[in-house]
Ligand code: SF4
Ligand code: ZN
Ligand code: ZN
């Protein structure tokens with residue numbers, strides 16, 4: 001049988017079957033449609049304005065590596081006028097994060113973007129290795145998600161960026177919709193499909209890959225020969241999310257549009273006023289100055305549970321480093337923060 005020609009350009013030989021649409025297309029057309037769809041997502045959601053300083057949350061994994069590459073490509077091609085940075089979190093996971101950070105350091109050279117790394121050790125005095133040795137492998141992702149959220153905030157403040165973009169893809173969002181339905185968490189269900197999260201005092205955080213399929217991100221990285229790290233975290237991720245993921249993969253195998261359909265279903269939910277109104281009023285954390293709905297922010301109360309008697313949530317070394325960036329407990333209250341109740345999102349970001 002003669003090789004099929006590309007369904008889009010009709011000129012070249014089709015060498016791949018596009019997971020999202022099932023079309024047989026050539027490599028060049030795949031790059032074009034993938035990049036153009038991300039560009040359209042960015043334009044339709046008005047994600048950026050010229051001159052914005054944007055941090056790319058970079059883990060060295062496929063999603064954030066492709067995001068860094070595509071952001072650079074689109075910024076040049078369409079002249080977005082963005083200043084791009086890489087922002088990484090070092091959770092302190094031996095044999096996983098130390099290796100993936102080496103990948104990010106190479107990406108820094110390859111993409112010519114400044115890189116900032118913030119570590120749990122310096123900020124909190126705890127690595128995830130130590131957290132897991134203290135609490136075991138049960139709730140580790142909850143700790144890690146809360147710590148990451150604040151770490152990214154502090155890193156973003158240090159870089160003086162206007163917003164953070166993360167590599168959350170369509171599969172991650174569809175999974176989160178399913179998890180929130182299965183947990184009956186209607187408040188989060190209403191928020192989890194938002195392409196941007198932003199509130200008062202909160203740095204804008206957005207997901208340019210909201211409609212990009214994970215399979216296509218992997219394919220893009222493969223055909224572009226991008227340098228990324230593919231090992232999973234050694235502290236097995238959230239088991240419940242794993243079930244949602246397996247279920248979603250089954251649905252996708254039966255009908256590829258399931259992923260987008262679930263996202264659209266999530267978007268279509270309308271929250272009743274009383275569900276929306278359950279958010280508590282904000283104050284600042286008594287220990288670290290972060291915005292919080294209680295006396296202590298989530299990170300500080302987790303730290304308290306880890307180390308009773310520890311007098312400050314942030315280590316002396318971490319504090320000195322923050323002060324060197326002009327961040328003191330007094331002005332930290334102006335540091336942008338992410339709403340602590342959206343930790344389901346944070347779990348997906350490993
Ligand atoms: Fe942290 Fe992700 Fe590992 Fe969980 S799976 S411990 S959230 S890096
Ligand atoms: Zn083609
Ligand atoms: Zn705190």
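Glycine is no exception: its Cβ is also placed from the backbone N, Cα and C atoms.
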Candidate from 33, 38, 89, 146 that TrEMBL assigns to the same ATP site as 57, 58, 59, 63, 167, 172: 89
Averaged pLDDT, computed only over the residues in the domain 'Cytoplasmic tRNA 2-thiolation protein 1 C-terminal' (283-311): 81
Maximum Cα-Cα separation (Å), residues 57, 58, 59, 63, 89, 167, 172 listed as binding ATP: 19
